[in-house]
Amino acid sequence: MTSSILPAVFILVFLSGATAQLSKNFYSKSCPGVFDAVKPVLQSAISKEKRIGASLIRLFFHDCFVQGCDGSILLDDTGNFIGEKTARPNNNSVRGFSVIDRIKSRVEKVCPGVVSCADILTIAARDSTVILGGPSWRVKLGRRDSRTANITAANSDLPPGSANLTTLVRSFRSKGLSTKDMVALSGSHTLGQARCVTFRARIYNQTNIDPPLASNSGNNNLAPLDVQTPNVFDNNYFKNLIDQKGLLNSDQVLFNGGSTDSLVRKYVRNPKAFDSDFAKAMIKMGNIALLTGSQGEIRKNCRRVN
């Protein structure tokens, strides 16, 4: 009888480890100082360059949409491994890797081998939002890092700036995110800048655009995604859409006579509703296709597998 029970117990323990859920208190005993280690590095980086906060929020999004929130986007190419950094949506576009490196180094000094790069990226996205004036939320932690990346999925799963509303809704739905989640998360474009290559077709070929915005068209120029307050997390992004000042096509389609117009108007009228929905959507996005328990690993260096 004993011999038949032991394997069952072993299997139960193994499976519970592999399918462990995220927790708001995951590091309360193993690394209680993790938040205190992350925040000063972010504050220093953002004080030197406000744009880096937007870049870290975007980095989190680009990680989660490709095989889940597993830190795969942080992996460098090697002689026998191609990561996601050179995928079309990421190449010469995603940034903030050196900030994550500095955070990881500081966290490793506090509690070595405990906190995943995927969790660090999650905390960095939340803290960047708060530092730039946005809402806070209690991040759920316990993710583990992948040992692989997927450049093919990075090329196919990340919606481009030229996407129409149907494409956006379908893309977010495929990741378990609702239309409301999509609109709220798009509100992160209240921060940051975009290269002209991502909006050239819109400013030259579309009519639902404010004329002065269309004149900002230098070939390699950067333009703010929010022309009013590009370094402050607020609801001006949605006000811009009503004024036809959405920089990317994927921005302006949210207010263009379609099904999401009412949500845009709601977030203009009620910035607290936007803050609340954004925080909920970020938590939800942070749950996409997780590695937990005994899956994956805790990378010592976020740029390479152990």
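The backbone N, Cα and C atoms fix where each Cβ goes, and this holds for glycine too.
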For this session: Looking at the disulfide bonds in TrEMBL, identify which of Cys31, Cys64, Cys196 pairs up with Cys111.
Result: Cys31
Exercise. What residue among Cys196, Cys302 is stated in TrEMBL to be the disulfide partner of Cys117?
Worked result: Cys302
Exercise. Looking at the binding-site residues Ser72, Thr190, Thr229, which one has the fewest other Cβ atoms within 10 Å of its own Cβ?
Worked result: Thr229
Exercise. In whole Å, how far is Thr190 (Ca(2+) 2 binding site) from Arg58 (site 'Transition state stabilizer') when you measure between their Cα atoms?
Worked result: 12
